[in-house]
Ligand code: 2AM
Ligand code: CA
Ligand code: CA
Ligand code: CA
């Protein structure tokens, strides 16, 4: 498999950040942790990994803009390119010793995602894709699963952080879904959820209230693995609407119709 120089920069940054995360995962009880908002934890491990990634990306392409979860937005001077970075997706899992967390790095060009890398250091699984080049898990080509009946499908989701008493709409969706599918999974890392759809491990995935850094890399993994991705209204405004529905062509459509909110 041939990787472009740019994708290689992203892969090297993800692997290096992954090594930093693996070291910290080994002594997670010693990490300083703070709370950014309700149930939104951030640790020294997140900050260190982000520093590693931005160091590598800026060294390779000093003019590109950056949008990163912990340090925010830097518009850069390039005007065309932007890195979108989540140094540790799944911080809650990480801090609990659950090995389901990832590094997520995407490249946007003129508003379109053109490359993405998701890396799970605990399992040494590297997912990568660039536009028109297919998607890979380590060195093997990935394809979305081909299941056609929802009743055969395993579907991922995420539980939104909305505060006490605010989950009514989500519970309705969840119960619609539970009646139709073979199983529901909640991994706790949106980037890995999308990577698992790309790898054909899960047949679909939906979640709301997410940020661009949770989604950007995973979106191109799914598309390049032959899958379909939209916002929850079926359009392409994933970042604006902060929502995602993913799967193969048929499953994605079925999930969308199940999730349709009644017209008000
Ligand atoms: P994080 O670990 O980078 O914060 C899990 O469903 C997804 O939600 C993860 O991608 C996780 O990203 C994100 N997440 C976790 N806690 C959150 C919170 N309090 N607010 C918004 N997103 C959150
Ligand atoms: Ca976070
Ligand atoms: Ca995240
Ligand atoms: Ca994060």
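Backbone N, Cα and C atoms are what each Cβ position is placed from, and that goes for glycine too.
Taken from TrEMBL, the feature Mg(2+) binding site applies to 69, 86, 88, 89, 214. Look at residue 89 (Mg(2+) binding site): DSSP puts it in a strand.
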Cβ neighbour count (within 10 Å, all chains shown) around residue 214 (Mg(2+) binding site): 24
Long-range Cβ environment of residue 89 (Mg(2+) binding site), under 8 Å and at least 6 residues apart: 101, 102, 103, 104, 118, 189, 190, 191, 192, 213, 214
Env. residues of Mg(2+) site, Cβ within 8 Å of mean position of 69, 86, 88, 89, 214 Cβ: 46, 85, 87, 90, 91, 102, 104, 189, 190, 191, 211, 213
Three-state secondary structure, which DSSP defines for residue 69 (Mg(2+) binding site): coil
Neighbourhood of residue 88 (Mg(2+) binding site), C-beta criterion under 8 angstroms, separation at least six: 21, 43, 45, 46, 49, 50, 94, 101, 102, 103
Most crowded position, judged by CB atoms within 10 A, among 69, 86 as binding-site residues: 86
